[in-house]
Amino acid sequence: MAAVELEWIPETLYNTAISAVVDNYIRSRRDIRSLPENIQFDVYYKLYQQGRLCQLGSEFCELEVFAKVLRALDKRHLLHHCFQALMDHGVKVASVLAYSFSRRCSYIAESDAAVKEKAIQVGFVLGGFLSDAGWYSDAEKVFLSCLQLCTLHDEMLHWFRAVECCVRLLHVRNGNCKYHLGEETFKLAQTYMDKLSKHGQQANRAALYGELCALLFAKSHYDEAYKWCVEAMKEITSGLPVKVVVDVLRQASKACVVKREFKKAEQLIKHAVYLARDHFGSKHPKYSDTLLDYGFYLLNVDNICQSVAIYQAALDIRQSVFGGKNIHVATAHEDLAYSSYVHQYSSGKFDNALFHAERAIGIITHILPEDHLLLASSKRVKALILEEIAIDCHNKETEQRLLQEAHDLHLSSLQLAKKAFGEFNVQTAKHYGNLGRLYQSMRKFKEAEEMHIKAIQIKEQLLGQEDYEVALSVGHLASLYNYDMNQYENAEKLYLRSIAIGKKLFGEGYSGLEYDYRGLIKLYNSTGNYEKVFEYHNVLSNWNRLRDRQYSVTDALEDVNSSPQSTEEVVQSFLMSQNVEGPSC
């Protein structure tokens, strides 16, 4: 008789045993807690797979149980799945654990140092997990409790612990946009480092300086951010955790991008991507972090198509790890929305960009307060997309509705930015510039002019006369003067200035030049200068040929499969370039 193919595959003996334990969960609940952490986790994961989230939630909300589960390090990816499912289900497990840990710390305030040290270690692991999972407020509560324990003993071990606490605290405050608290956290860390120095001890400063760089970058203090990234790079040594090295390389790359030091930025971020994938694997959240920053680099060097692909890869990883309504997923959606908007700007096909922008806003509004700063950038991106959809819309009523929605989003973003950063800030200036463009679309030309001039003035004072951001605003004001206010002489000067900056920073094939060239062709047609019309038609044709050749083959992910240099060589190359150039600020 011929062999018949099995219609089911038998479970392994181990999986059968796990299933049997789960089937008898109510009776064996207490016994489960005495199992080794890996086996205990597998039981809980089976509960998750069977959709028994209430029972799983009751287990994970107990600090002792969850602390033990956290020790199953090779299951972290799966733990994120379970945890996010509970949060999506409405089980506030992050808040419950943070509160339980905080209470425990208050109970043991009078206990001996060994008890406190054990609690601090638990806090670091718990807070680290909550931070990695994006639950920053709860992680902050945990790290503050750890810091409080550290201050109870004025001795060297606890000074080291306090420094580590401050670094972690600064990271979660940066992630949660609590920038006003960030600087005091850094100063506290420096106080403990000074104490250690006086006793002949040194704590590595790479992670601390890297987090300070992230804080300053978020506040658009780019010169200061760059300076501290250089200091962080000096602190990279062979014994540092790979995670710290990767994060410092990422921050340094971003600082180089905004300083328009693209060669340095490329070397740093490509090595960070390679290092993260090599050490953590291609499905790890840390790898997705590096991809987002790689996408940022590619977008800024005008390799927009590859930027979209990289952002999509980062989103795919974050969705596979976290899924659901998670802040890490939201930020990836937002980055992909903006790059898709830029990529499809000429075609006018904004469905994909709008989808990702709305997903980002939907997630953020679900898990964070409605006045959270993270909403400012997501709303800004959606507003930009709606404006372009409105411009292409043939129904006047729909056009007005979309423009008004975009206006409300831009105003909301501007208020959030001003509240966080004040008037004199690059982020605030960007929002003024966006409003200027919108007012032009709404045919409110004087208001548009006022907004553009305000944006240019702030950007010039903060970034200098020849920055990319300045060129953008100058080009937008030129467009207003050319298309709607008939101020051709002013428009011509501004177009030529915008073109000069774009060529200097990005070369002859820069994508943004198209709009300036087309603007000049229209301008010279309007003024009857047909010789110039012919000249710029030729310039535009040459530009199109350059664009066809640019970035036609390169696969950005293939480009980082290996690294031609070691980490030490990358760091030394960067630092040597600083010595050659001298101080940057």
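For all residues, glycine too, the Cβ spot is worked out from N, Cα and C.
A Cβ distance under 8 Å defines the sequence-distant neighbours of the repeat 'TPR 1' (50-83), meaning residues of its chain 6+ beyond its ends; these are 22, 25, 33, 37-38, 40-42, 44, 89, 91, 93-94, 96-97, 100-101, 104, 122, 125-126, 129, 132-133, 283-285, 321-323. Taken from Swiss-Prot, the feature repeat 'TPR 1' applies to 50-83, supported by sequence analysis.
DSSP states for the repeat 'TPR 2' (120-153), grouped as helix (H, G, I), strand (E, B) and coil, give 29 helix, 0 strand, 5 coil. Swiss-Prot lists 120-153 with the feature repeat 'TPR 2'.
Across the repeat 'TPR 3' (206-239), DSSP assigns 26 helix, 0 strand, 8 coil. Under the heading repeat 'TPR 3', Swiss-Prot lists 206-239, citing sequence analysis as support.
Outside the repeat 'TPR 4' (288-321) by six or more residues, the chain places 77, 80-81, 246-247, 250, 253-254, 257, 262, 265-266, 269-270, 272-273, 275-277, 282, 328-329, 331-333, 335-336, 338-340, 342-343, 356, 468, 506, 509-512, 551, 554-557, 560 with a CB less than 8 A from a CB of the stretch. Residues or ranges marked as repeat 'TPR 4' in Swiss-Prot (evidence: sequence analysis): 288-321.
Summarising model confidence by region, the repeat 'TPR 5' (333-367) averages a pLDDT of 94. Positions annotated as repeat 'TPR 5' by Swiss-Prot: 333-367.
If one looks beyond the repeat 'TPR 6' (429-462) by at least 6 residues along the same chain, the residues whose Cβ comes under 8 Å of a Cβ in the stretch are 220, 376, 380, 383-384, 387, 390-391, 403, 406-407, 410-411, 413-414, 417, 423, 469-470, 472-474, 476-477, 479-480, 483-485. According to Swiss-Prot, the feature repeat 'TPR 6' maps to 429-462, an assignment based on sequence analysis.
Summarising the annotation, Swiss-Prot assigns repeat 'TPR 7' to 471-505.
Per Swiss-Prot, repeat 'TPR 8' is recorded for 514-547, and the stated evidence type is sequence analysis. Tertiary proximity for the repeat 'TPR 8' (514-547) is limited to same-chain residues at least six positions away from its ends with a CB under 8 Å from its CB atoms, namely 346, 475, 478-479, 482-483, 486, 488, 491-492, 495-496, 498-499, 502, 508.
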For the repeat 'TPR 7' (471-505), what are the same-chain contacts with Cβ under 8 Å, counting residues 6+ beyond its ends? 260, 429, 433, 436-437, 440, 443, 445, 448-449, 452-453, 455-456, 459, 512-513, 515-517, 519-520, 522-523, 526-527
Near the repeat 'TPR 2' (120-153), which same-chain residues lie under 8 Å Cβ to Cβ, leaving out any that are not at least 6 residues past its ends? 63, 66-67, 70-71, 76, 79-80, 83-84, 87, 94-95, 97-99, 101-102, 105-106, 108-109, 113, 159, 161-162, 164-166, 168-169, 171-173, 175-176, 178, 285, 322, 326-328
